[in-house]
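Q: Please read through the structure below; I'll follow up with questions.
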Amino acid sequence: MATAIPQSAARRRRPDSPKKNLEARTTDEKGSKDEVVWGKTPGGIVFRVPTTHDVLTALFHPSYPKSHLDILNLGLLGLQLVLFAYLSNHVARIFFLFYFAFWRAAYDLGLGWVLTKQSKKKWIVREVQRLGWLDESRKPAIRAWIKKQLAGKMGKDYSFDDLPLEYNTWLLFRQLVDIILLNDFLAYCMFAFSCFRVPTGLSLGVHIMRWIGGIALIAFNLWVKTEAHHVVKDYGWYWGDVFFQRGALVFDGVFEMAPHPMYSVGYAGYYGLSLIVGSYPVLFASLAAHACQFAFLVFFENPHIERMYGQRKLLAKRTPLSRPESYPESDLKSRPLARTSSQVSDTPSFTDGETATETETETESNIHSPGHSPSSSVSRERSTSSEKDPLIKRTRTKSVNQHDLLNRYFRKDVIGFKNIDLLRGSDIKLVLLVAYVLLISSIPSSLSHSATLSLYFFHALFWRFVHSVGLGVLLRAQSNHKYMVRHYIKHYHYQEGAAGAVVEAFANWKQIYTLSLSMTYVSFIVLAWKTYHIPTNWTVGDELLRHTLGGLLIALHVWAATESLQVLGVFGWFFGDFFIEDYPATLEYTGIYRYLNNPERTMSGAAFFGFALISGSKLVFFLAVISHLAHWGFLHFVENPHMAKLYGSSIRKDAGLTKVIKKVTHKQAKLIRQRAPELGRVAQEVRGTFEKVYEETAEVVEDFLSKSKPRIEGVVQDTKFLLQQSRERLVITRIASDISSYDTSKYTMSVLASKQPSLGATKFHLGEPIRVRWSAPELHSRKDWIGIYRLGANRSNLVTKTSSLGMWAPVHDEEWDGDVPLLGHSSSRAQDKDHASDQLEHGEVVFKGDILPWLPGKYEIRYHHDGKYNVMSMAGPLEIYVEKPVVMDYESVRSTLSHIVVLCLDSDPSLIPLSASGSGSDNEHSDGSGGDPDDFRFWSEKQAKRIAIGIKEAFDVEYAPEIIVADANVASLTRRILVSRELLER
């Protein structure tokens, strides 16, 4: 079933006040008569939301009136039942497989495409406006028919004429969704029933367990869907927020149990029915359909969440950490949940972490407030202190902030095999070691098969011992005695004192940990490879089932690792709180940690058992168990004591999943006591016995389930100039049919001079706005537009055949919404040519920001007709250049760089350095944060890429955008450029 509102924090709704409690409970659509639910359209119209009814009641209850669309829906459902009864099993399997694929595509692809366009451009509402379906003056018959369809299904509080167009359009859209969802569900059931069989070779007990398990999964599926609908109501079920806003929503109950429950555990019934019918085709069809649903989530749901509720974050914002002037490093702890400071990263994000539960939500309204650092916007915060260590005591000379600390300790570190740089010694060593292991394992051995397996088993066991035991002992010593930092202080000299020892100790720890972790997984996979044999017959025995379940466990491992990494960050991944003590101590239960206190212990070992299933080897399974127990020991003796020392009683006891289980259990127990008091008394006695056993074994069981897992971090590569050139050709040229009605000689353009008069009108500095003055006949198309192109990219002067790559602007910008012309404006007025005059209309278009060319070179400007690619006038060529300093001294480089930075930041006063704004070096930033007047900030990484391009052109020094973000200071970048130039000129 559909869900418009997964439980992520991106679904926070604050239509009235950004500081409104995110967990305020929404009004029930079937609440008391005194409760009123108010909605608000994008245009600002506030209206009372009427009561709605769920589809099953409205469609199948005989007392409810049926609309024409309901009759169509019932007819399609009835047709499926007739075909199932009429067709043979063989024909029914084929037919219902394709029929199910059709409705699944209509759901995930069709609805996903339509809802995406509605989310971005309000496309559905605009199409209804354009077609006039709800306009009584244009299409009275259609409007009357739609009114009849909707009014018959609503209650007495519904008034078609009084409600805004957005709400009525949503109700009409619901009818389409009901048809798709119900037919999709029934088509799947018909396909599954047509594939029903009784597997041979299984005992009666296995058959009984198969049916019990299948029925349990189906019942669980129904419970999840029912509970989810109870929480989000019809408004969330049918993606109401794509059309209008309606109050705040709460995500408790089943939404605390699992991420996106209606897309994840809400499809358990697929696998329950697969178990009952005993069919591999049904299982694989279920997996494919479930994958399509996740694609719907990734490509529509999550982007919609980011657009609707995401909040931009400043890059390179230096949030000071409040600390006394003199302090020991051991007093500055930072370990937000499972060795993480969940957001100690300056990576831009449109959405913050998911909402915490219970009391953790009390401070979430502060997360989005300006000047609030990620680590300070936490659910629980606790300052900790440990014994002062004179060895590493230091006095602050400059305010410390998270941005600079992060870039001091982390520098594109390798996670898994991401961020590999073969020119870094540690990276090339890792690559060569892994390559040698894989190469040796592929060479035939002269040893016997059993001796070869023993060799690879002990090789994998050795690396597991090194990773869990060896590194565990090292980390425990670091936690208790700062062993690694003391080692580097004792044996190496640092001009900056102990701070240098901490940096080097942590840098070497990261390399050791990455090497150990990589070899642990590589050696395990090599052992599984050596024990694996490709099945000769996949349909015999459990071969296909083992491979399928093994692949699913590996996929679960990868997903859980990715989700955990998003919360942990590099700080938590590398156990940063064992070394870095400048971050404040915080606990955050967001993302996957909202549902599980420690997902590592429940999911991270899944891949080991997945490989064991695929290989079918008892030896691999034995090693998987050993790995599980080894990591349990690591958590019990190393990580848990460190966590307790830092956070103590502030560590949460019950995760979201545990809360849901307890809530359901208590609810059922209460019902039993009410209906059967005697049975309730017996149950209470049994419960007391079990509680006693639980108290004695809880700690052992809790730690036994603990596991660790690798994390995967994606890195986006910068787009190269050659790729940009190839993209220019990716355009479908559209040509107007009425071009002969216009006199192109009356269209003219002129480029206004740059702010530097000496350069004339043909040269503009990189980032400098370009102003174009145009003239056109009075009756020109209101959809005319002007684009900038590389000189020579288009051979024809009549038609443009290359893409502008976003460097374009409409002639009448006020009549456009983004790249879509607004309704009500004529696209072409050539039909009035008989009344045309010789009068010309004049205007001006300004190219700035993202629509400017951000690569130096020569360009031309083209005026296009009616939203098409017919060229009416041309101007240019003009040149985009970057000013270079005359001499490479500090003042010249600083002056040139400051000019580049200001232009690349769009001259935004809130971003540019105070030293370049002319407001004086003593003034504070607009947010009151103060700081160095040479500091600057960004709204997006695009601006950092612009500065990197300007530096490359002006100083012939190439930096990655991450370097620009890390420095974010004119003086610091100037010194970096001078040092780089000196090194390059040697």
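Every residue, even glycine, has its Cβ placed from backbone N, Cα and C.
Pulled from TrEMBL, these are the listed features:
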| type | residues | note |
| --- | --- | --- |
| COMPBIAS | 15-30 | compositional bias 'Basic and acidic residues' |
| COMPBIAS | 339-352 | compositional bias 'Polar residues' |
| COMPBIAS | 364-378 | compositional bias 'Low complexity' |
| COMPBIAS | 379-392 | compositional bias 'Basic and acidic residues' |
| REGION | 1-30 | region 'Disordered' |
| REGION | 320-396 | region 'Disordered' |
| REGION | 915-935 | region 'Disordered' |
| TRANSMEM | 71-88 | transmembrane segment |
| TRANSMEM | 94-116 | transmembrane segment |
| TRANSMEM | 176-196 | transmembrane segment |
| TRANSMEM | 208-224 | transmembrane segment |
| TRANSMEM | 275-300 | transmembrane segment |
| TRANSMEM | 428-447 | transmembrane segment |
| TRANSMEM | 453-475 | transmembrane segment |
| TRANSMEM | 512-532 | transmembrane segment |
| TRANSMEM | 552-575 | transmembrane segment |
| TRANSMEM | 606-634 | transmembrane segment |
Q: In the same chain, who gets a Cβ under 8 Å from the transmembrane segment (606-634) while lying at least 6 residues past its ends?
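A: Residues 453, 457, 460-461, 464-465, 467-469, 472, 520, 524-525, 527-529, 531-533, 546-547, 549-554, 556-558, 560, 703-709 contact the transmembrane segment (606-634) from elsewhere in the chain.
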Q: Considering only Cβ pairs within less than 8 angstroms, which of the stretches 71-88, 176-196, 208-224, 453-475, 552-575 has the most against the transmembrane segment (275-300)?
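A: Counting Cβ pairs under 8 Å, the winner is 176-196.
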Q: With Cβ distances under 8 Å as the criterion, find the stretch in 71-88, 94-116, 208-224, 428-447, 453-475 that has the most pairs with the transmembrane segment (176-196).
A: 94-116
Q: Please report, as numbers and ranges, the same-chain residues at least 6 past the borders of the transmembrane segment (208-224) whose CB is under 8 Å from any CB of it.
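A: Sequence-distant neighbours of the transmembrane segment (208-224): 202, 254, 261-262, 265-276, 278.
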Q: Could you pull out which residues elsewhere in the chain have a CB under 8 Å from any CB of the transmembrane segment (94-116), counting only those six or more residues past its ends?
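A: Residues 2, 80, 83-84, 87, 123-124, 177, 180-181, 183-184, 187-188, 190-191, 194, 239, 242, 281, 285, 289, 292-293, 295-296, 299-300, 303-304 contact the transmembrane segment (94-116) from elsewhere in the chain.
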